[in-house]
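Chemist: Got a structure here, written out as structure tokens. Questions coming.
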Amino acid sequence: MSTNPDPEFEEASNLVAETPDAATASGSDQLTPQGHVAVVVDSGGSYGAEEEAEESDRTALLQEEKQQPGFWTFGYYQSFFDVDTSQVLDRIRGSLLPRPGHNFVRHHLRNRPDLYGPFWICATLAFVLAVTGNLTLVLAQRRDPSIHYSPQFHKVTVAGVTIYCYVWLVPLALWGFLRWRKGVRERMGPYTFLETVCVYGYSLFVFIPTVVLWLIPVPWLQWLFGALALALSAATLVFTLWPVVREDTRLVAAVLLSTVVLLHALLAVGCKFYFFRPLPLEHLAPPLQASSLPPKLLLPPTPRAKAT
């Protein structure tokens, strides 16, 4: 009696004969104890990549654990000058185009105030004020030779001290007042001191082209340019401070914003009168024509008519 082999057994035998390694691998898998993991180490670059990733993670952790430098060190202030040109231009555009509901701090500073822009804006404004103030007298002398002009270099110092004191002292007083009101009104969240300085610094940029336009010797046009610049600059401050002061009482908010606008107007008007003061009246009036007669010439008395 002949028996036929099982077809499935023959198929398995043929498969084992063709791939002997598969049987060895299968047996080794069965011999692997349960709960243990077989680790295969590749001789390629995967192991080096893992070491590089671990090294980068270790470096990141060390940088996070590194302490911030103190405010008395140069490294502390270096971060406030770490700003690129695109960010400065974006913040200048934001100060030139204020609109309601557009917070300068939230939309342009984004918790990263800088001192680079305010520093150079104040320096440029002080220099332009001093130069244009001297140019005004030069142009006036060309129109009227009787005007005596001498270079006034002290105007550079006056302009620099005035602008920098305004940009630092007024925000300091404003920041201190808002911090005090925060203790009274818990819902108020004032800006930081550097954010306040940054807003004031960028708000003065509009006065740089305005001061150049003040060289036009037309008084009403000068006041028109000054009023437009003051409106844009003050609007930047008001729209930025309003989200903070609106949580306070109406009286305090109105007084605070009015004081901010008034101080801004005093700065603009003071610079207009000091650096572009009108000429004295004796220079504006035409000079008297000198008499052609000698000063001590005695005229002969007129003869009187004889009485008859």
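Cβ coordinates come from backbone N, Cα and C, glycine included.
Quick caveat, the model's predicted, so the values are computed rather than measured.
Below, the features straight out of TrEMBL:
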type: REGION; residues: 1-34; note: region 'Disordered'
type: DOMAIN; residues: 96-269; note: domain 'Yip1'
type: TRANSMEM; residues: 115-137; note: transmembrane segment
type: TRANSMEM; residues: 157-178; note: transmembrane segment
type: TRANSMEM; residues: 199-217; note: transmembrane segment
type: TRANSMEM; residues: 223-244; note: transmembrane segment
type: TRANSMEM; residues: 251-275; note: transmembrane segment
Chemist: Which stretch, 115-137, 157-178, 199-217, 223-244, tops the Cβ pairs under 8 Å count with the transmembrane segment (251-275)?
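Modeler: Selected stretch: 223-244, with the most Cβ pairs under 8 Å.
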Chemist: What stretch in 115-137, 199-217, 223-244 has the biggest tally of Cβ pairs under 8 Å against the transmembrane segment (157-178)?
Modeler: 115-137
Chemist: Calculate the per-residue pLDDT averaged over the domain 'Yip1' (96-269) and state the result as an integer.
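Modeler: In the predicted model, the domain 'Yip1' (96-269) has a mean pLDDT of 89.
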Chemist: Given a Cβ distance threshold of under 8 angstroms, which distant residues of the chain, six or more beyond its ends, lie next to the transmembrane segment (199-217)?
Modeler: 91-92, 94-96, 104-105, 109, 115, 117-119, 121-122, 124-125, 128-129, 132, 135-136, 139-140, 163, 166-167, 170-171, 191, 225-226, 228-229, 232-234, 236-237, 240, 264, 268, 271-272, 275-276
